[in-house]
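Asker: This structure is in C-alpha cells; I'll ask about it shortly.
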Amino acid sequence: MASNAKKVQFDAVKTLENIESQFEMVQVLNEKGEIVNKSAVPEMTDEQLEELMRRMVYTRILDQRSISLNRQGRLGFYAPTAGQEASQIASQFALEKDDFILPGYRDVPQIVWHGLPLYQAFLWSRGHFMGMQLPEGVNVIPPQIIIGAQIIQTAGVALGFKKRNKKAVAVTYTGDGGSSQGDFYEGINFAGSYGAPAIFIVQNNQFAISTPRDKQTAGATIAQKSVAAGIPGVLVDGMDPLAVYAVVKEARERAINGGGPTLIETMCYRYGPHTMAGDDPTRYRTTDEDSEWEKKDPLVRFRLYLEKKGIWNEEKENEVIEQAKEDIKEAIKKADEAPKQKVTDLMSNMFKTLPVNLQEQYEIYTEKESK
Ligand SMILES: Cc1ncc(C[n+]2csc(CCOP(=O)(O)OP(=O)(O)O)c2C)c(N)n1
Ligand SMILES: [Mg+2]
C-alpha cells in the first residue's frame with residue numbers, strides 16, 4: 001500500500017547503516033600470504049618479521065604443550081589459544097616495555113612475551129600465589145577471570161599514564177562475549193571522556209563458550225561500539241599478523257600523542273575448546289566452520305609470506321619448536337619446585353596486617369602446618 005505519510009527529514013535506520021558500512025575489515029596479508037593492501041603494510045625490519053614469526057610458532061607449541069600438561073594434571077586452568085596467535089602475539093609485538101597489559105584468562109601468551117617468566121604463568125594456572133607475584137618492571141596484571149573487569153581498570157591505568165605525562169599505553173584484551181558486559185561500555189566511555197591512552201582489544205573468536213557472536217549484539221560489528229564512546233574503532237582481520245600489528249601500532253601512536261583511546265576488534269577463531277574444563281565444541285559449531293577458519297590460519301599465511309621473502313624456512317621453524325619444548329620443560333620443572341601453597345600463605349599474602357578474626361586462624365594453621 002502506498003504510504004501518504006509525510007516524508008521525514010531524518011532516517012535513523014539509514015544513519016545506522018551508514019555508520020555500520022564504514023567498518024570494513026582491515027587486511028594486509030591474505031590467506032595465500034600475499035599483500036593485498038600496500039598502503040597498510042607496517043614498517044618492520046626483516047629481523048622484526050622473523051621475530052614475530054618465531055613468537056607465533058613458539059606460542060602454538062606452548063598451546064599444544066599446555067593442553068597436554070593440563071590433561072596430565074600438571075596444569076590447572078587453561079584456555080587454549082591456537083588460532084588467535086596473530087590477534088594476541090602481533091598486538092603485543094606492537095607495544096613497548098613501558099606499556100601496561102591487562103589480560104583476560106586466554107591472554108597468557110601476551111603477558112609472557114611482555115616479560116612474565118613462563119614458570120610463573122604455569123603457577124598462575126595452578127592458582128599458586130607465586131604466579132601472581134609479578135616481577136618489578138613487568139607491566140602486567142594477572143589474567144582476569146571475571147569477564148570485562150579489566151576493562152575499567154585499563155581506563156584507570158591509562159588515565160594514570162596521562163596524568164603523569166608518561167608516553168605509554170594501557171592495553172586490555174577481552175572477547176566478543178566480554179563486549180556485552182556493562183564494564184566494557186563504562187571502560188571505553190570513561191577512557192574516551194578523559195582522553196586516556198588506552199587500547200581496548202576485543203578478540204572476536206566467534207563464541208563466548210557456546211554462545212555465538214550474533215547473540216552478543218545486533219550491531220554488524222563490535223568495532224562500531226566505539227562510535228557511542230566517541231573514540232576511533234577499527235575492525236581488523238585477526239588472523240593476519242601484519243594487519244593486527246599495523247592497527248595496534250597506529251592506535252599506540254595516537255594514544256601517546258594525546259589522541260585518546262582506540263577500540264580494536266580482531267576477527268579470529270579459537271580452534272580448541274573454550275577451556276580445558278570439559279566443554280565440547282562439536283555441540284555448538286560444525287567441522288565445516290572449523291575448517292573454513294583453519295584455511296585462514298595466521299601461521300600458514302605468515303609463513304608463506306616470509307618464505308617468499310627468504311626470511312623463513314623449515315630449519316628455523318624446527319629450531320623454534322625445539323627451543324619452545326625445551327623452555328616449557330624447564331619452566332614446568334621450576335613450577336614444580338615452588339613450595340607447596342599453605343593456608344597461612346593465603347592469609348599473609350592477602351593482608352599486610354591480619355584482621356583480629358584471621359589472626360586467631362593464622363595461629364591455628366601455623367601450628368598445624370608446623371607438624
Ligand atoms: C562476569 C562473568 N560472567 C560470566 C563468566 C563465565 N564465563 C567465563 S568465560 C565466558 C565466555 C566469554 O567469552 P568471550 O568474552 O567471547 O571470550 P573467549 O572465552 O571467547 O575468549 C563466560 C560467560 C565469568 N567468568 N565472568
Ligand atoms: Mg569469544
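Backbone N, Cα and C define each Cβ position, glycine as well.
What TrEMBL says about a protein is an automatic prediction, not a curated fact.
A quick note: this is a predicted structure, and the numbers were derived from the prediction, not measured.
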Asker: Among the residue ranges 63-93, 311-341, I'd like the one that TrEMBL describes as coiled coil.
Answerer: 311-341
Asker: Counting only residues 6 or more past its boundaries, what in the same chain has a CB within less than 8 Å of a CB in the coiled coil (311-341)?
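Answerer: Counting only partners 6 or more residues beyond its ends, the coiled coil (311-341) has Cβ contacts under 8 Å with 46, 49-50, 53-54, 57-58, 61-62, 65, 69, 74, 117-123, 126-130, 303.
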